Amino acid sequence: MADFDSPPKLSGVQPPSEGVGGGRCSEISAELIRSLTELQELETVYERLCGEEKVVERELDALLEQQNTIESKMVTLHRMGPNLQLIEGDAKQLAGMITFTCNLAENVSSKVRQLDLAKNRLYQAIQRADDILDLKFCMDGVQTALRNEDYEQAAAHIHRYLCLDKSVIELSRQGKEGSMIDANLKLLQEAEQRLKAIVAEKFAVATKEGDLPQVERFFKIFPLLGLHEEGLRKFSEYLCKQVASKAEENLLMVLGTDMSDRRAAVIFADTLTLLFEGIARIVETHQPIVETYYGPGRLYTLIKYLQVECDRQVEKVVDKFIKQRDYHQQFRHVQNNLMRNSTTEKIEPRELDPILTEVTLMNARSELYLRFLKKRISSDFEVGDSMASEEVKQEHQKCLDKLLNNCLLSCTMQELIGLYVTMEEYFMRETVNKAVALDTYEKGQLTSSMVDDVFYIVKKCIGRALSSSSIDCLCAMINLATTELESDFRDVLCNKLRMGFPATTFQDIQRGVTSAVNIMHSSLQQGKFDTKGIESTDEAKMSFLVTLNNVEVCSENISTLKKTLESDCTKLFSQGIGGEQAQAKFDSCLSDLAAVSNKFRDLLQEGLTELNSTAIKPQVQPWINSFFSVSHNIEEEEFNDYEANDPWVQQFILNLEQQMAEFKASLSPVIYDSLTGLMTSLVTVELEKVVLKSTFNRLGGLQFDKELRSLIAYLTTVTTWTIRDKFARLSQMATILNLERVTEILDYWGPNSGPLTWRLTPAEVRQVLALRIDFRSEDIKRLRL
């Protein structure tokens, strides 16, 4: 008997799965059922069989539900039968037509291939016949031409022979007429060698005699004989001799030039110019010959040889320039002078001026010449590279860059410009120092002499660097000028402003004198500039105001200089000078220059703040404090009396007008406007403080409103700035002080404010309302703002 406490273990019996498709057998076999003897096992199997039965019933029900759908689809299939038979017939017919067309096309294409093969063989036969005839014609023609000394015609026959297809000639030699062809070939080869020797000899004689027509005649024959490189080399040697002869003649003429001559200061630049112009004329004259007879891309070879000779002659001219102008010695003196602790006697900057001008002119002529070569070679390469690969184009570009950048001319000019930058720096620094030391002020002028002098010098130095046509040189000088203006020259103006505007109180005078003594002591220790003592208060005032004008003009001059440089360099870049990298470098230098202009503006603002706090604030504060002496808790009679005899604002306006008159005559309009703006801000701040410490009644508030309107009207006439915004808080205070009752503020506050933007906070509004002695504090506290 089985143990009924443990569950039955029916090996291999699994519960039936739901939704399995029909046609499957039960997983419980009849043999398994017969083998069961326990009631519990039989009940378990029975339950599983019942479950399988239910699944089968559901599947049968599902199939029966699909009966109508299946029957309708079968009817549709029966109806489609005839149509499918027609389609089958059409498809078979189409397949037959395609097979027929394919066979026909295959037959036709095979015929066409046979025709193409026959045509190609015919062309080859004709070509072979033509080449044999050409060979015979060339052999006969070259012999005749040589006898008649018609070297051009002989070269044309040789060129035609050289252009024949060698494989066709080789096939012809293997035919029946091979011996005759061999004989013709031998004669042609002998004629070729003979003609090459004749042309070389005739060319040498022509160059020796300087017979240009004969030189050009035989120069044109070289490429017909396949001697492109040799022809260009020999012709270049001839041209180089001419260049050398003319250059030596010009150099001798230069060395004999009298120093009183009008062009004596630039004779070496003129010599280089003549050299470059001579080579440029040679290139322009012979470029058509080279392109016509040698083909595109060959001009580079000719110019490469010419540039070698150009480098030799440039080296001679520059050596003479360095020796005669004492260029290296001058540079060493300048280097020593630039050292802070140098004891070497200083060179007078005027002595350097003509040398620096000549160097920049020499470099400008060199840059122009190199741009000419670049343009000519590039255009020649473009014609030949129209169908070339990208690799060939890049290789040609590398050759061009190497020729222009690595030639001795470029290296020599770079060396000269490198020394020039240091010497130009010395020239600029020394002349700026001299302009500062000789600074003078003429009565009636807003600025002193050093501003115009310094910027004339800076513009001259930068303009000279610009005339060199070297972006690197220009950027170096812009950077040096930026440093000179930012450090040394700005320090001079800064020191003058730090001496302060002469004060009126004892404490301010003491502070100003101490500051001035410290600054003068520091300047004298540095040894940069001489500091002259201030002999009187008036002179000190004028010095401060003139310095403010100087600072403002400096800022404007720097901005103008930046715009001018942008315009001038746009022309340079449009001429192909420099590239994207040079453009970025130049833009960076201009950004630094613009930053210096901003620093001068900042210095101007510092000076104005000092002037405002030293000269204006000590005067304005007592005038505003006199507001306390005028009661604003008044009756109708006093209000009418105030209207006839204003107790405060008219005197205050008169005091301001007298105070600002001194500055208006001595300051530029821009600075005066800025100073008036600072004064206005000061007035609003101080007046607000006074008002918040005063008390008012209704008529007193009305009186204050009239006073404020008069003050605003006056200040509006003396400045171009919009000042109503500065008085917004005070105007709103006047509005509040004019209210008839406390709750009237709600007509102007919050949603009822309209376009008005309140500058006063709710707490400040309550504070102003509390200034009215006739308003109860309980009413003010009850306001919901």
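Placed from the backbone N, Cα and C atoms, the Cβ positions cover glycine too.
The annotation region 'Disordered' is assigned in Swiss-Prot to 1-24.
Taken from Swiss-Prot, the feature N-acetylalanine covers Ala2, and the record attributes it to similarity to another entry.
Annotation source Swiss-Prot lists region 'Interaction with SCFD1' at 2-84, citing similarity to another entry.
The phosphoserine annotation in Swiss-Prot covers Ser6.
Marked as region 'Interaction with STX5' by Swiss-Prot on the basis of similarity to another entry: 85-153.
Sequence annotations record features per position, and here Swiss-Prot assigns region 'D domain' to 618-740 based on similarity to another entry. Residues of the region 'D domain' (618-740) grouped by DSSP class, helix first, strand second and coil last, total 93 helix, 1 strand, 29 coil.
Here the region 'E domain' (741-785) has long-range neighbours at 633, 691-692, 694-698, 701, 728-729, 732-733, 735, meaning same-chain residues at least 6 beyond its ends whose C-beta is under 8 angstroms from one of its own. Per Swiss-Prot, region 'E domain' is recorded for 741-785, and the stated evidence type is similarity to another entry.
Per DSSP, the secondary structure of the region 'E domain' (741-785) breaks down as 24 helix, 1 strand, 20 coil.
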